[in-house]
């Protein structure tokens, strides 16, 4: 499982710029339809062959100029809880501020590695000014300039060295599929597992955030063994009262990255909200299987909303990845819970599916012949061979004479045709066009 790196610090010190540089992206991707900033605070990075996940703790905060120390404190607490290494960003131009002191005081108490990163150091004078940050009591510091990228190589070298050595998974952990039960606070995650197991495996109350730790439960249904995880990743501490997507998303990262299939539980009485969208996107981005369970359906007035209408509303928010099973359940009455588990097992099997190269070519090349990629600048794209790659998640490559002319719309067309002929429901798939 990847290490998780959290970037913390007060507003306007360059956290997001460093974040974007680490994941090699110029700007956040905003979904204008839903209003959700989908790719704002979480990304993947790699340095010297080591992959890791990066979280920008400021990524979901609006109006950051007005954030009080208390908000920053909550972000730092969250980073301490959920990350393996913390990067604390400060600004050499402003020097040490009272808020920097407050954050440093918290970080001095933790046992996890903390890298003090002094931003905007782009000349010899500022290198001298940076010496002041020794006074924060965090030891060695690393100078860099997030806009130009100067110094980030040394910071990344130190980051890789700071990663803890993690034990290799046991044979049973490798063999058994892992299903993560995810969702925003109080959607009914623990109740769902309790209903399946038939005993109070988890402490459940009406107060959001009562699941104290991630708990793996080995389970056997339909002769199929797997691990169920009710993640502490989607619980908030009592003192974190704000209903922000950020807290749910950050607490979801570890469980989702480690899962094969994510069971996303949403509260029928509240609808498919921002937190749900963010958690769904997180699972999709990590190429995990997804099953959506609409819990507490027994509490919804059926005269005002049918399952068909409700499902249609959810699928609108899932675009373009809509080939996902959606089931209406009640953990309280145990309505359709076994159906939900059967659907999860099916998604896992879909994710493991392998298509022979001969069958794949036989089916897809006929479709491509009848519906070839659009010509561009008078040049015609020809695809003569395709195959599924030997990867853990479904990935397909099509070999073309002019791969650069194949646009995303045609890739979606190919994906839809694959889904029409083979069952990949609940599973993200990747399409690559390569030069033959």
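A Cβ is built for glycine as well, from the same backbone N, Cα and C atoms used for every other residue.
The model shown is predicted, which means the values in this text are computed figures rather than measured ones.
For 9-16, 56-60, 119-122, the entry in Swiss-Prot reads GTP 1 binding site, with the evidence type sequence analysis. The GTP 2 binding site feature in Swiss-Prot is assigned to 183-190, 230-234, 295-298; the stated evidence is sequence analysis. Feature annotation from Swiss-Prot assigns domain 'EngA-type G 1' to 3-167. The feature domain 'EngA-type G 2' is assigned by Swiss-Prot to 177-352. Annotated domain 'KH-like' per Swiss-Prot: 353-436, in sequence order.
Distance from the CA of residue 186 (GTP 2 binding site) to the CA of residue 121 (GTP 1 binding site) is 45 Å.
In the three-state DSSP scheme, residue 183 (GTP 2 binding site) falls into the coil class. By a simple count of nearby Cβ atoms, those within 10 Å, the most crowded of the binding-site residues 12, 57, 186 is 57. A separation of roughly 27 Å, to the nearest angstrom, links the Cα atoms of residue 9 (GTP 1 binding site) and residue 183 (GTP 2 binding site). Summarising the environment of residue 297 (GTP 2 binding site), the number of other Cβ atoms within 10 Å of its Cβ, over all protein chains shown, is 22.
Helix, strand and coil counts under DSSP for the domain 'KH-like' (353-436) come to 31 helix, 20 strand, 33 coil.
Cβ neighbour count for residue 189 (GTP 2 binding site) (all protein chains, 10 Å cutoff from its Cβ): 28. Closest in space to residue 57 (GTP 1 binding site), of the binding-site residues given as 183, 186, 189, 297, is 183, taking the CA atom of each residue. Residue 9 (GTP 1 binding site) counts 27 other C-beta atoms within 10 Å of its own C-beta, drawing on all protein chains shown. Geometry remark: residue 15 (GTP 1 binding site) versus residue 297 (GTP 2 binding site), CA distance 41 Å. Across the fold, the C-alpha of residue 186 (GTP 2 binding site) and the C-alpha of residue 12 (GTP 1 binding site) stand 33 Å from each other.
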